[in-house]
Amino acid sequence: MLNDVTEDQKNNLPVFTMNYPRIQIPFEITLWVLLASFAKIGFHVYHKITIWVPESCLLISIGLIVGAIMHSVHEEPPAVLTSNVFFLYMLPLIVLESGYFMPTRPFFENIGTVFWFAVVGTLWNSIGIGISLFAICQIPAFGVQDINLQENLLFSAIISAVDPVAVLNVFEDVSVNEQLYIVVFGECLFNDAVTVVLYNMFSFVAEMPVVEPVDVFIGVARFFIVGLGGMAFGILFGFVAAFTTRFTSKVREIEPLFVFMYSYLAYLVAELFAISSIMAIITCALTMKYYVEENVSQRSCTTIRHVIKMVASISETLIFFFLGVVTITTDHEWNWGYILFTLLFAFVWRGLGILVLTQIINPFRTIPFNMKDQFGLAYGGLRGAVSFALAFTLPDTIGRKQLFVTATIAVILFTVFLQGISIRPLIEFINVRRTNRNLETINVEIHCRLMEHTMAGIEDLCGQWSRFYWKDKFMKFNNRILRKILIRDGRAESSIVALYKKLELQNAMEILDTASGNIKLLMTKKFLAADLRNIHDILSKNMYKIRERTVAYRGKHALPNDSQTREILIRRHATIRRSLRPRSFQSSVSYLAQFICIILINYLFCWEHDHETLSEVAYPSQRSRFGKPARSSSSKAMIPLHRLGTLEEVPSTDVLNEESSSTGQGVFRTNSSYSDSRVPHPRRLYSLFDDNNSEL
Amino acid sequence: MYNYRYYCKNLHKYIHIVDVCFFTVSQEQIKNLYQRFQQLSGNHEKISRDDLERIPALNNNPIRKQIITAFFDKRNQHQNDVGSLDEIGFEQFLMVMSHFRPVNSTATEEEKAIVRKQKLRFLFNMHDTDNDGIITLDEYRTVVEELLSQSGAIETEVARSIADAAMLEVASTNVPHMAPDDFYEGITFEHFEQILKGIEMESRMSIRFLDMNTATMRCGKLSS
């Protein structure tokens, strides 16, 4: 017994132990994510690479390299691409990002076309490819006679899922016309939903020994139930989320959580009932976005956008990365005939499909697609993540599963590399219709609204029920009912006013920018105290009202960082005070200038929210892009401020007389003040925001 | 429901009117418009302003006055007249409607430019109420106020400052080097074209005159 005790006592307290199995799973996940992220950093070291080679190609290449390394040390890659992990964790994030950043106005204007291509196009592709492959299978030379029709259809459903991530980036860079962009974008999004539905249907059918016509009918009915049910769920959850955020003013820190939780919930509940979860999450995001962004604080809004972009980016990166890895480490079954024909048919059917479908839908479009657009559409049909995952989750009962996996990987690699790399020069070569992005002026906004109202009026006059009519009705419904319920401070606001306020704000910032370098204070001999008070009243009336509204986010490229702005403002304060030289009749003006600046500074914390009509001009972007709208004219927008000119000048006095007489409104006679205030616009304004957004 | 014989007699004339402006329209669509015209005019030959003002659906439109005036504006009749009419017949109705036809996809670039100009001209005429060929500040203000009047909480002051801002924008885009004593008269048609250069009008200002919805046709007149 004594020996036992001594032996026990020899086990001292360990100084250093390792317990790998306990942390293994989270540790490996973290390492993989980091590795993929390093790869992404690496690409941007050489800026030119990402222009010519899309990121997905690079990621796959890195994945291939890592896969080769792993294969040579006989390691197994993690089982990331099991059904649950992909469909429950990775896919919702990608789809949420696409749905959240979808430009709504072009989308709703082209909604018919988008759904036409997504639904009918996918059906055309999958059935076409399936039947042709089945025909090929009958040829004994290829040795694939054991694949029956159902399995072929299943495979072709997998293959027809389009994922033009790379193409969208190119389109954005080239500023391709809005219609083409939104159709490609929308098609990609909704055809994921259609593919998943088809996949489920066909895999169910593949396991049935006999297919009867009744089953076909049931299939079609199920298709509609799944699609519409998904949408209904999405809208429901979207409204609930919007309603919840109405009450979150006291718990700002967890506001972003609601957005994520409700979207994810929509996804999961839809999965529960086996209806289209992708549709659910997309419609949830679309519905929610507009109302939530008005309710939440500006920081929460930023957080939401940042986080969505981040997780979606990670998810996508990981998928492409694993595509590369798995390509090497999987057992492949190669069959020249089947795979080559798959490639051929994928191309051919897509091209044919686009051609035929465009011919049918062009008469219904106000801007028909020309041949170049069609080429862009057809060529932009890359395959990607969803095909890959679906192939991996094929049930093992399918005899030729390995062949299918190999074929899918082959098609993905081929399309991503070949088409992804060549699409950019091709698009530029054939000179697809471009769009003009710099349309953010007040005049444009006013006239767009004018046109809409005119068209709605003409339609009413003619007794037509058409697009403008519905849009009008919806906007009225929105303003009268929905906004009151879902938004905390539900006043209806015109998009023109919103744009005006936004432009005023930017204007103010530009003035501050110039103010630090070179104070230009225009003053007049007859600058009376009464005028001062008038101007004060006008400014306060217009500005303080706006202050109460919730701060919102203008777009991913214009994110004001509070602390930085504050710092700048403090510096401005100091500069203004320092550079003002006291002169007898100008001291009042200097006070006015300071006062105005202070008001503007307060104004800066109350950015106006963007009406949906504005944010839609910005395309959702996967890379950092700074849309700099032409600002050459907006600095003139703030008229009272432009009465401030140079110290030396003595402007015409009628300017201010008119001002004070008409309570300081719209003086638009351009006099000396005009020419003075025309300073070159420093783009420093945007550099404030650049630093914050360079990662986006 | 409409005077079929009268209609057929003049059908070729109607088609000619619309074709003059490089639009093509089917007989079906002209018939639809004729039916609507008859309904609005109470089976008379001419429509007066009151007829149009009685349309209930237009009540909520903030710029309904301008729209109705546009129909009676002689400048929209593709002739070089100015002034306004008291009543219009079907031909004039059709002339005004022809501004909103979508452009045929087979049209040449020239034709498209002409069409665009016509649509812009229509908008310009809506602003320029005193027919002097320029949009002055007051006219612009009126339009903006009407546009914003629907939002309820907007005061006239804000609307006016917006209009002023817009005018300044036009001025600075089109006349970048104004001398200190220059006075910007107003927006001419060329300036107007310039500021709206980037917008595509084809989708925004086109209607397809498809079949009328019989329900709305019945609702076209007030029951009183």
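Heads up, the Cβ atoms here are built off N, Cα and C, so glycines get one too.
Look at TrEMBL and you will find A:20-39 (among others) tagged as transmembrane segment.
What TrEMBL lists as domain 'Cation/H+ exchanger transmembrane' is A:34-427.
Marked as transmembrane segment by TrEMBL: A:51-73 (among others).
Annotated transmembrane segment per TrEMBL: A:85-102 (among others), in sequence order.
Only residues 6 or more beyond the boundaries of the transmembrane segment (A:114-136), in the same chain, are considered here, and those with a CB under 8 A from a CB of the stretch are 107, 142, 144, 147-149, 152-157, 159-161, 182-183, 186-187, 189-191, 193-195, 198, 227, 337-338, 341-342, 345-346, 349-350, 352-354, 356-357, 361, 377. Per TrEMBL, the feature transmembrane segment maps to A:114-136 (among others).
Same-chain residues lying 6 or more positions outside the transmembrane segment (A:180-202) and placing a CB less than 8 Å from one of its CB atoms are 95, 98-99, 102-103, 106-107, 110-111, 113-115, 117-119, 121-123, 126, 150, 153-154, 157-158, 160-164, 167-168, 171-172, 219, 222-223, 226-227, 230, 274, 276-279, 282, 369, 373, 376-377, 380, 386-387, 390, 432-433, 435, 619-620. Annotated transmembrane segment per TrEMBL: A:180-202 (among others), in sequence order.
Feature annotation from TrEMBL assigns transmembrane segment to A:223-244 (among others). Outside the transmembrane segment (A:223-244), and at least 6 residues removed from its termini, the chain residues within Cβ reach (under 8 Å) are 119, 193-194, 197, 201, 258-259, 262-263, 265-266, 269-270, 273-288, 290-292, 295, 485-487.
Per TrEMBL, transmembrane segment is recorded for A:264-286 (among others).
Residues or ranges marked as transmembrane segment by TrEMBL: A:307-330 (among others).
Long-range contacts of the transmembrane segment (A:336-357) within the same chain, counting only residues at least 6 positions beyond its ends with a Cβ under 8 Å from a Cβ of the stretch, are 116-117, 120-121, 124-125, 128-129, 132-133, 136-137, 139, 141-144, 159-160, 374, 377-378, 381, 383, 403, 406-407, 410-411, 414-415. Taken from TrEMBL, the feature transmembrane segment applies to A:336-357 (among others).
Remote same-chain partners of the transmembrane segment (A:377-398), defined as residues 6 or more beyond its termini with a Cβ less than 8 Å from a stretch Cβ, comprise 56, 81-83, 86-87, 90-91, 94, 117, 151, 154, 157-159, 161-167, 171, 180, 183-184, 187, 192, 195-196, 199, 203, 206-207, 316, 319-320, 323, 326, 346, 350-351, 353-355, 358, 369, 404-405, 408-409, 411-412, 415-416, 419-420, 423, 426. Per TrEMBL, the feature transmembrane segment maps to A:377-398 (among others).
The transmembrane segment annotation in TrEMBL covers A:404-427 (among others).
Mean predicted confidence for the domain 'Sodium/hydrogen exchanger regulatory region' (A:523-588): the pLDDT average there is 42. Residues or ranges marked as domain 'Sodium/hydrogen exchanger regulatory region' in TrEMBL: A:523-588.
Annotated region 'Disordered' per TrEMBL: A:652-681, in sequence order.
TrEMBL lists A:654-676 with the feature compositional bias 'Polar residues'.
Fewer than three CB pairs closer than 8 A are found between the transmembrane segment (A:20-39) and the transmembrane segment (A:85-102), and contact between the two stretches is not assigned (pairs 6 or more residues apart).
As a quick check, the transmembrane segment (A:404-427) and the transmembrane segment (A:51-73) clear the bar of 3 or more Cβ pairs under 8 A, pairs 6 or more apart, so the two touch. Highest Cβ pair count under 8 Å relative to the transmembrane segment (A:307-330), across stretches A:51-73, A:85-102, A:264-286: A:51-73.
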